[in-house]
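Undergrad: The annotation transmembrane segment is assigned in TrEMBL to 131-158, 198-219, 231-260, 280-305, 317-334, 373-396, 408-425, 445-463, 468-486, 506-534. As annotated by TrEMBL, domain 'STAS' applies to 563-689.
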Amino acid sequence: MPNHHHRNPPFFIQDELQSSVFIVDDDCSTLSYQSTETNESTYLSPDNIKPKYRSTELEGSMNSSERMSNRIPSDHIHSKYALNASFWSTLNTRSKYYLPILQWMPLYTKRDFSQDILSGLSLSALFIPQALSYATALCGIPAIYGLYTVSITTFVYACLGMSPQLSVGPEATVSLIVGSGIAHQQSSAKHPFGPEEAATIASITAFFVGLFTLALGLLRFGFLDSLMSRALLRGFITAVGVVVLIQQTILSLGLGGLATQVGLTPDSTSIQRLLFLFSYISYFDPLTSAFSAAVLFILVTMPFLKKKYTAISKLPEVFLVVISSIIVCKFYKFDQAGLDVLGQVGESNNNLNLPLPIPSIPTLPDHADIKAIIVNAAIIAIIGFVESIAAAKSFARRHNYFVSANRELVALGISNIIGGFFGSFPAFGSFPRSKVHESVKPKTQMSGLLSGVTCLIVTGFFLPQLFYLPTATLSSIIFMAVLALLRELPHDLKFMWQVRAWKDVALMATTFFTTMFFSLEVGTAVAVMFSLIITVKQSSYPRITILGRVKDTSYEFKPIHDSKEKVEHLKDVLIVRIEEPLYFANTGQLKDRLRRLEQFGDMAVHPSEQPRRDHLAFIVLDIGGMEFIDASAVQILYEIIESYHEQRVQVLLVNGHPHVIPLINRAGIMDLIGSHHLFENVSNAIQSIEQDIQYTSFPNSHILGEGALSYSSI
C-alpha cells in the first residue's frame, strides 16, 4: 500500500526576470506561483501545465523523482514555463481589470439573477417613458431613437462599466444640449431638416461625444471632473432644470402650437419663453392641461402612498401612468378631441419586419455644420462625464467599492461610439434615475444589461401600443425628472450661506443667469471658462509658509500663523518653506510673493502700506516639500537667487529632495550660493548663520546684534 503521508520537500524555481518564484511539490499535484514584487500567490493545477511537461505513459512505473524529471524538464522550466505562466497570469488580471464583466460574470449566481431581473425590469419601466420623452420633447427627433439609445448604450456599459447602480442612457441636461444644437443647425441651414436628418445629426453628435470621452479616458484625464466646482455645476444644472420646466410647461398647457405661431423658435431664449407663457397663459387647452395635471398628481402622490402602503411599494409609478394614459386616451378617443398623441413610432428596417436598430455609418445631411457639431459634442462630453463620474463615485462610496474615473470614461466613450452607429443620441449616467435604480438593489451590472434587453424587446414588438401615448404624459414625466435635478439646490444654498461662501454664490448666480438669458451653449462655455480661470489662478500661487522661532527655545521653528505656540520672526532673517513642487505654472508669482514677505513678513498685508521689516541679510528656503521642479521653475529660481546675490543677501537651502538637488546643481544654483549653504534642516542653517555673524564680517551684519540672532514680533 503506497504511503500517502510521506512527501518529498518541494523545490523552487525562479524565472529569468527574478520577479516570480514557482514552488512545485514532489508529484506535481500542485504548483504555486508567487510574485516577488506583489507577494501574491496563485495555485495552478497539473492540468494547467503544458502537456510536454507531463508524462502519462510511465505514470505507474516511475517513482516521484522520475515522474518529476519527465514532467518538468529542468532546461525548460527555468525560462519558458515561468515566463508563460507570468504572461497568462498578467493577461488574466489585466483583462478582468479593463473588462469588469469578466470579473463578476464567473461568480454570478441564480440568486443574483433573480434580484437583477427584478431591478432591471423596474429600471426599464422608468427608462422607456424617459427615452421617449427626451427624444421627442428635448432632442426634437423621432421617439424610437430614444429606445435605440437605451438599448445599445445600456448594454455596452453593462459590459465595460464598473458601477452596478449607475444608469447610463438618455439624460435631461445632455438631451437638451443635443436638441439645442440641432435647432441651431436647422436655423442656419438653407433648407429645414426633416426628423430623420435631425436624428442623423444626433447620432453623429453621439459618435464625436464618444471619441472625446474615450480620448479623455485613454489619456488619463479622469481628474478633470474636479475642475468643475460644485457651485458652477449647481448653477448650470439649476439653469438647465428651469429651462426644461419652462419648455414643458408650455407643452403641458397645450400652448406649443400657439408658441410657434407667435414666432418662438428652438433658438428662443428661456426669458422669451417665460414672457410668452405669462402673456398667453389664458389661451391654455383645457383637455391637455387637465390630463397633464392628472399625471403630475399621480407622479407626486405615488411615492407617499408607496411608503404608507407596502402592498403597492413595488409599483413603478412612471410605467403605471404610461399604461393608464394609453388606455384612457384610446378608450375615450381623446386624440380625436384635440389631445396630442405620440402617433406611429418607428418603421421596419430589416428582414424580420421589426423596427430594431441596425448598425450603419451616419451620413452628414446637406448644409449641416460639422464644426458646430464637434464643438457641441465637446461641451456634451464635459458636462456628461462630470455628472456621470460624480454619480458613480457617490455610489462607490456608499457601497464600498472602487471606481476609476479613467475606466468610466473609456466605458462611456465606447458606449456612445457604438451607439452612434445604431442611431443613438448621446447618453451618460443620470443621477436621479440611478438613485431609483439603487433603490431596487441591483446585484451586478447584469441589471442594466437586462433593462437594455427589455427596451430592445419593446422596440421590436410593442411599439404599436405606444400610438395613443399622450405627449402631455411625456411632458409631465420630464417635469418630474427635472424637479429631481433641483432637489439638492436648497441644501447647497443653505450650506453656502452657512459657511459664508459668497464667491461660490456669485459664481453659481453668474452661470445660472448666463444660461437663462442667452443659451445653454453660452452657459456651458461660461461655466467651463470660470472653472479653468479659477483652477489656473489657484495653481499659479505656490503654497508658501513663513517659519519663525518658538519663543523661549533655541532651535525650534514652526509656522508663524498656524502654530498655537508663540512664534516670532528672526530679525534680518526670512525663513520660507515651499510646500509643493514648482513648475512653470506656479512659479510666475514666486518672485513677487517673496518680495512682499521681505517687506511685510505677511501675505495678508496690502502692498500699499509701508514696509514693516528692515533689509534682509539672510533668506532660508526650506525646499523639503518641493519633490519636483521643472526646467522653467529652475530658471526662475536661479533668477530669484541671483537677484538676492546682487543685493548681498545670503541664500541658504534646507532639506533638499534627492531628485531636486542634482537639477539645482546642474542649473548653477549651487555655484551661486556655495555648496556649504545646503543644510539638512532649518536649525542647522540658523546655527551656521550665527557662526558666520560671530566669526566673519558679513555685509549688513551691523544690524544683527552681538553674535546671536534676535527675534521680533510683527
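If you go along the chain as it appears here, the first residue is 1 and each next one adds 1.
Including glycine, each Cβ sits where the backbone N, Cα and C put it.
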Undergrad: Please tell me whether the transmembrane segment (231-260) and the transmembrane segment (198-219) touch - that is, whether there are at least 3 C-beta pairs under 8 Å between them, with each pair 6 or more apart in sequence.
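TA: No; fewer than 3 Cβ pairs under 8 Å.
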Undergrad: Apart from its near flanks, which chain residues at least 6 from the ends of the transmembrane segment (373-396) lie with a Cβ under 8 angstroms of it?
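TA: Cβ under 8 Å, 6 or more out: 162-163, 165-166, 168, 171, 173-174, 177-178, 181, 185, 201, 204-205, 208-209, 211-213, 216, 222, 224-225, 228, 233, 236-237, 402-403, 405, 408-409, 412, 426, 428-431, 434, 438, 521, 524-525, 528.
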Undergrad: Between the transmembrane segment (408-425) and the transmembrane segment (131-158), are there three or more CB pairs that fall under 8 A, provided the residues in each pair are separated by 6 or more in sequence?
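TA: When sequence-distant Cβ pairs are counted, the transmembrane segment (408-425) touches the transmembrane segment (131-158), since at least 3 lie under 8 Å.
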Undergrad: Any contact between the transmembrane segment (317-334) and the transmembrane segment (280-305), i.e. 3 or more CB pairs below 8 Å with pairs at least 6 residues apart?
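TA: In contact, yes.
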Undergrad: Answer with yes or no whether the transmembrane segment (198-219) touches the transmembrane segment (468-486) by the criterion of at least three Cβ pairs under 8 A, sequence separation 6 or more.
TA: no
Undergrad: Summarise the model's confidence over the domain 'STAS' (563-689) as a mean pLDDT value.
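TA: Mean pLDDT for the domain 'STAS' (563-689): 82.
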Undergrad: Mind pulling out the one from 280-305, 408-425, 506-534 with the most Cβ pairs under 8 angstroms to the transmembrane segment (198-219)?
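TA: Per the Cβ count, the answer is 408-425.
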Undergrad: May I have the DSSP-based helix, strand and coil counts for the residues of the domain 'STAS' (563-689)?
TA: 49 helix, 24 strand, 54 coil
